[in-house]
Amino acid sequence: MDPMKAQQLAAELEVEMMADMYNRMTNACHRKCVPPHYKEAELSKGEAVCLDRCVAKYLDLHERLGRKLTELSVQDEEVMRKAAAGTG
């Protein structure tokens with residue numbers, strides 16, 4: 001595959017994954033913090049605080065998972081490299 005096409009595909013996938021994460025975060029935090037039947041157009045202070053905390057936790061967890069997955073990926077690559085060196 002052409003390196004430019006691969007880079008473009010990777011960028012498109014990253015945008016798609018970020019959009020998916022944003023949509024899931026929005027839905028989860030809205031369900032948790034905003035009652036299904038509300039009377040006012042503006043968020044209450046409690047709802048706004050809940051949403052702030054929910055988003056912060058969601059993003060923190062997303063960052064932690066990303067770091068852990070990267071760490072596991074590096075470990076897997078090392079194991080594969082050692083296995084390939086041992087059989088070669």
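Each position is counted from 1, following the chain as shown.
Just so it is clear, glycine is given a Cβ too, placed from its N, Cα and C backbone atoms.
Quick look at what Swiss-Prot annotates:
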type	residues	note
DISULFID	Cys29-Cys54	disulfide bond
MOTIF	29-54	motif 'Twin CX3C motif'
DISULFID	Cys33-Cys50	disulfide bond
The motif 'Twin CX3C motif' (29-54): DSSP-derived helix, strand, coil residue counts: 15 helix, 0 strand, 11 coil
Fewest-neighbour residue among disulfide-bonded residues, criterion Cβ within 10 Å, set Cys29, Cys50: Cys50
Inter-residue Cα distance where the pair is Cys29 (disulfide bond) and Cys50 (disulfide bond), in Å: 8
Number of Cβ atoms other than its own within 10 Å, given for Cys54 (disulfide bond): 18
